[in-house]
Structures are given as C-alpha cells and as structure tokens.
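What Swiss-Prot says about this one:
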BINDING   Cys38, His63, Glu64  Zn(2+) 1 binding site
ACT_SITE  Thr40  active site, charge relay system
ACT_SITE  His43  active site, charge relay system
BINDING   Cys93, Cys96, Cys99, Cys107  Zn(2+) 2 binding site
BINDING   Ile175, Asp195, Arg200, Leu262, Gly263, Ile264, Ile286, Tyr287  NAD(+) binding site
Amino acid sequence: MKSLVKAKKEPGIWMQDIPVPEYGVNDVLIKIKRTAICGTDIHIYSWDEWAQATIPVPMTVGHEFYGEIVEVGKEVQGLKVGQRVSGEGHITCGFCRNCRAGKRHLCRNTLGVGVNRPGCFAEYLALPATNVIALPDNITEEQAAILDPFGNAAHCALAFDVVGEDVLITGAGPIGIMAAAIVRHIGARHVVITDVNDHRLELARKMGVSRAVNVKYQKLSDVANELGMLEGFDVGLEMSGNPMALNDMMKAMNHGGHVALLGIPPQETPIDWNQVIFKGLVIKGIYGREMFETWYKMIAMLQSGLNISPVITHNFPVDEYQHAFQIMASGQSGKVILNW
C-alpha cells in the first residue's frame, strides 16, 4: 500500500509501498480517505531534536484521519464494516493507575499513532477498536479528519468555566483558533487571541473572536481597556509554547484567574511566580483529549452548530504531500488536508 514514511534519519518524508498492516482480534482495519498534517508531523519531517530522540526509523507517520472500516477483528463488538470513523491517536495500556481509574488521557505508558507505532499516512490503518470513533452522518469528511486537533482545542477550552468570562488565547495556530471558536460558541464574553502571524490572526477573525491582536504592534493592556475590561482576563488558554506569551498571559490575568497550558515550550521556561502566587492563579496542564468525554462533547458541539471548517485552508492529493508539508510549515495556512 502507499504510505508516507520517515525512512531516513535526516530531514524529509518519503512515499513508499509497504504491506497492509495486520490487525488483531480486538482491532479494526480502516481504509484511509483523508488525513491532516499536524505540527508533530512537521517536527518529524524537519528531524529536529525532539524527533531524533523520539521517532524510531522507519516509521509511517500521521495521526489525524478520516476513513471507513473494511475489516473487523473477531472479538470486536459495536463496530462493523462500512462505518465512517475517526480515532483517538493515543493508545493506552489499560492497567496503570490512571487507566484503571478511567483517566486514560493520563496513562504513563501511552503510545502515539504515527509516533511510536505505525500511523495513518497510508492507505490502511490498524487500530484498537476501543480507540475507534464511529461518526454520525452530519460530520463531514474534512471535519472528521481534524477531530484529533479539535479535541486538543476542546479539552483545553472546556478545562474551566468560560460562560460570561473574558478569555485570552495566546497562539493563533489551528488549535488556538478552534479553541477561540469553542469558547465563543459556549458563551464567553470577550475572546482575545494573540500572535505575531497576521495570516493566522485574520483566520481567527473569521472564527468570531472579539479581537485578534498582533503583539508586535499592540499591547494587551490597551486591548483590554478598549473592550472595557477593568480587572483582567478570567481564563487564559496558552497555545503557543512561547515563553514571552506565557508571561504576558500571567500579567494579563485577573486575580483568581484560571490558566490552561497546551503549548509546548522549546526549552525550560522561567515564570514570574509572583504573578501566580499573589494573584492566586490556578494553572492546569493539558495533554491530548479526555477519553472519551472530550470526543462526545466536540461531536455534540459540531452537531449544535459550531463551525470549524474555516480553519481548513488547503486540500491536496497525497501525491503532492511535499508541497502540502511546505505550506503547513510556512505558517501561511490553517489545517492542511491530504486526500487519499
């Protein structure tokens, strides 16, 4: 089958013909229809320090997908051939303390699809049935292909009560933009998103934010004053991994505010702990998606009218994957889809 493989320990990804994966009695085999490129895939392509330390070579990459079930393991119940599906890309152990307590997103033994085990940038994917998400008919193929990052956004955006609150989002990448759409959909008052990329800030405006702010040219304090905010932001969602953005967020928070951290810093990050302590801030780290409460909620939000389609800016046939990766890496895009 056709597959995109990290075949060499150097920058690049290669299209190769490899065998269709075998599937076990508790697995399903999925015919891949659409996939989306993630920032993780860009790290793997560029072969940066994280990728070199993490990715076994060779490895079929990719973890964001939509497809249809073509084979079902003999012990699988509740799924059938022909169903439209996406899936949770974190494979958990089932026996650690958190798994046994129903908190699988905190499994210490997690394996990532397309990172630690073969991924979805291929014509077929074998996946444990417990990780497969059957989709209702009113979820489009493109939406289904980006449910994984939409789930990151939902997990973060739903970490704290945002109804009637003023929300600051630092980082206008696709996940930050989708988080902005979510908090607006569920009832936040002012939603402010910051970045230094004008293309992505314009995309955020299309998703309904109150203000999209280029912090190279405008201060957060001025924006808050213009919006009539007298006491700072109630909820902060840090999506950028940028140390300066994190500390700017701490300064902009109201006393008693809540901060969710999803962005991954490139190195150890100094924090002004006086802002945290004297303001009584609550900080929560966010990783992946709650299994499977986040999935239920994000599908329900799409069914209730939340539109995330504007974040999808490019579609390419898989044979043009090199150009697709270049577009994604340029920062001049939202989500980029590969059609199989």
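Each residue, glycine too, has its Cβ placed from N, Cα and C.
Known features from Swiss-Prot, placed on the structure.
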{"residue": "Thr40", "record": "active site, charge relay system", "CB count, 10 Å": "23"}
{"residue": "His43", "record": "active site, charge relay system", "CB count, 10 Å": "19"}
{"residue": "His63", "record": "Zn(2+) 1 binding site", "CB count, 10 Å": "24"}
{"residue": "Cys93", "record": "Zn(2+) 2 binding site", "CB count, 10 Å": "14"}
{"residue": "Cys99", "record": "Zn(2+) 2 binding site", "CB count, 10 Å": "19"}
{"residue": "Cys107", "record": "Zn(2+) 2 binding site", "CB count, 10 Å": "21"}
{"residue": "Ile175", "record": "NAD(+) binding site", "CB count, 10 Å": "29"}
{"residue": "Asp195", "record": "NAD(+) binding site", "CB count, 10 Å": "27"}
{"residue": "Leu262", "record": "NAD(+) binding site", "CB count, 10 Å": "25"}
{"residue": "Ile286", "record": "NAD(+) binding site", "CB count, 10 Å": "21"}
**OP:** Quick one: of the recorded positions Thr40, Cys93, Cys96, Cys99, Cys107, which has its CA closest to the CA of Arg200 (NAD(+) binding site)?
**Re:** Thr40
Subject >> Least surrounded among the binding-site residues, given as Cys38, Cys96, Ile264, when other CB atoms within 10 Å are counted >> reply: Ile264
Original post:
Taking Cα atoms as reference points, which of the binding-site residues Cys38, His63, Glu64, Cys96 is nearest to Asp195 (NAD(+) binding site)?
Top reply: Cys38
Subject >> Pairwise Cα distance for Glu64 (Zn(2+) 1 binding site)/His43 (active site, charge relay system) [Å, integer] >> reply: 15
Original post:
Can you check what DSSP calls Glu64 (Zn(2+) 1 binding site), collapsed to helix, strand or coil?
Top reply: strand
Original post:
Relative to the Cβ position of Glu64 (Zn(2+) 1 binding site), how many further Cβ atoms are located within 10 Å?
Top reply: 30
Original post:
Whose Cβ, among the binding-site residues Arg200, Gly263, Tyr287, has more other Cβ atoms within 10 Å than any of the rest?
Top reply: Arg200
